[in-house]
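Summarising the annotation, Swiss-Prot assigns NAD(+) binding site to Ala146, Pro147, Trp148, Lys172, Pro173, Ser174, Glu175, Asp209, Ser225, Ile226, Ala227, Thr228, Cys280. Annotation source Swiss-Prot lists active site at Glu246, citing sequence analysis. Feature annotation from Swiss-Prot assigns active site, nucleophile to Cys280; the stated evidence is sequence analysis.
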Amino acid sequence: MQHKLLINGELVSGEGEKQPVYNPATGDVLLEIAEASAEQVDAAVRAADAAFAEWGQTTPKVRAECLLKLADVIEENGQVFAELESRNCGKPLHSAFNDEIPAIVDVFRFFAGAARCLNGLAAGEYLEGHTSMIRRDPLGVVASIAPWNYPLMMAAWKLAPALAAGNCVVLKPSEITPLTALKLAELAKDIFPAGVINILFGRGKTVGDPLTGHPKVRMVSLTGSIATGEHIISHTASSIKRTHMELGGKAPVIVFDDADIEAVVEGVRTFGYYNAGQDCTAACRIYAQKGIYDTLVEKLGAAVATLKSGAPDDESTELGPLSSLAHLERVSKAVEEAKATGHIKVITGGEKRKGNGYYYAPTLLAGALQDDAIVQKEVFGPVVSVTLFDNEEQVVNWANDSQYGLASSVWTKDVGRAHRVSARLQYGCTWVNTHFMLVSEMPHGGQKLSGYGKDMSLYGLEDYTVVRHVMVKH
């Protein structure tokens, strides 16, 4: 397995402390990788800064060609990437290959096209004898911090728009799941000029902090927890860096009495438990109107009970393990606290799976109340709660009564209600009669403590640029 870092166009071994990388399906150590040293972090940033002088002035066509080549080699090596992702994350292999790899390739291809559509503005004469122009220019060096739930996908979301806009990037994947990013480094080094892409390995304290705090870094992009976002914002405040934050969610799923219950059940069974629930948009916080509450709980419980946990390389496996032992304990603790309330009922699941690996049974909890921790706090596991509501006004207020603001969905046959409720929800995305669906052309990003800035779409590309005014006297 490729375990070297990419610094200034060269694959080099880390010079810091070795860290174990685990297979969460077995709990075994896959390998140990040496972290980047402080000197290597500095070298990566300085390489990116040096490369920016030329890369930032390349034409959109040149940048697009590089991104398209990278998309092609990812596609050609799709099986290799899927196997690495499956072993390192515990994802079902068929899901990694069939769902994630095509989406990752599409992100690079989309931004290759978008790079050629990012225009400034010829503003004209607002002062006699002077012509103004508006430019959108790259920022410089971007430090990108990717999470452990979708390692390669999030690397794509961060690399593609930044590079398309003309920036140079130093990427740090999670130390828990670094293998696909390091494999990407091996393939990218022969496509992009030296220093344009640098990929490091290490923990937040030893690598993330010196990277994000480096004086030559102009922007920090994070997908991670609220706590990590808060730390980075505080850590970078003195250098006034631009920050781009996607910090998780607790998606409300509002099910009205007139909803298609079978569609809701099928949707939540899929969208609430995909990737073992380790998704910031997971359909995890259901509000069911009183007329269909009992029916929904019964049917959904039966459906969730059929979800198959198992070995990632088994074609019939629907749920793999959680990413780490520490995360398994966090999920288990959240469910135990919910059970201890006395009013929350476990419909199915609610326990760790016996045997090796970090498996937690797909869980449905009914009877949750608005102020319960299971409703208010992100669990980030295969755990869905159901809360009864009376009317539209109540459920909109409850849905918005959350520190999160990333994703939401509304299930109803009433088109007017769908528009009315969607307009009032304080979430970056609202789906109607579906959930979880993402495309490269549409923006993804949150409000409130879920963060700010957009991934994907032309809005995502613009986030990696600076607006400049040029005035010419004539």
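Note: Cβ is positioned from N, Cα and C throughout, glycine not excepted.
Recorded features from Swiss-Prot, shown on the structure.
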| residue | record | Cβ contacts under 8 Å, 6 or more apart |
| --- | --- | --- |
| Ala146 | NAD(+) binding site | Met154, Ala155, Lys158, Leu171, Lys172, Pro173, Ser174, Ala181, Thr223 |
| Trp148 | NAD(+) binding site | Cys89, Ser174, Ile176, Thr177, Ser323, Ser324 |
| Glu175 | NAD(+) binding site | Gln19, Val21, Glu35, Phe201, Gly202, Arg203, Gly204 |
| Ser225 | NAD(+) binding site | Leu247, Gly248 |
| Ala227 | NAD(+) binding site | none |
| Glu246 | active site | Leu222, Thr223, Gly224, Cys280, Leu406, His444, Gly445, Gly446, Ser450, Gly451, Gly453, Asp455 |
- prompt: DSSP on Glu246 (active site), three-state: which is it?
  reply: strand
Field: Around the Cβ of Cys280 (NAD(+) binding site), the count of other Cβ atoms that are within 10 Å
entry: 26
Message: Give me the count of other Cβ atoms within 10 A of the Cβ belonging to Pro173 (NAD(+) binding site).
response: 27
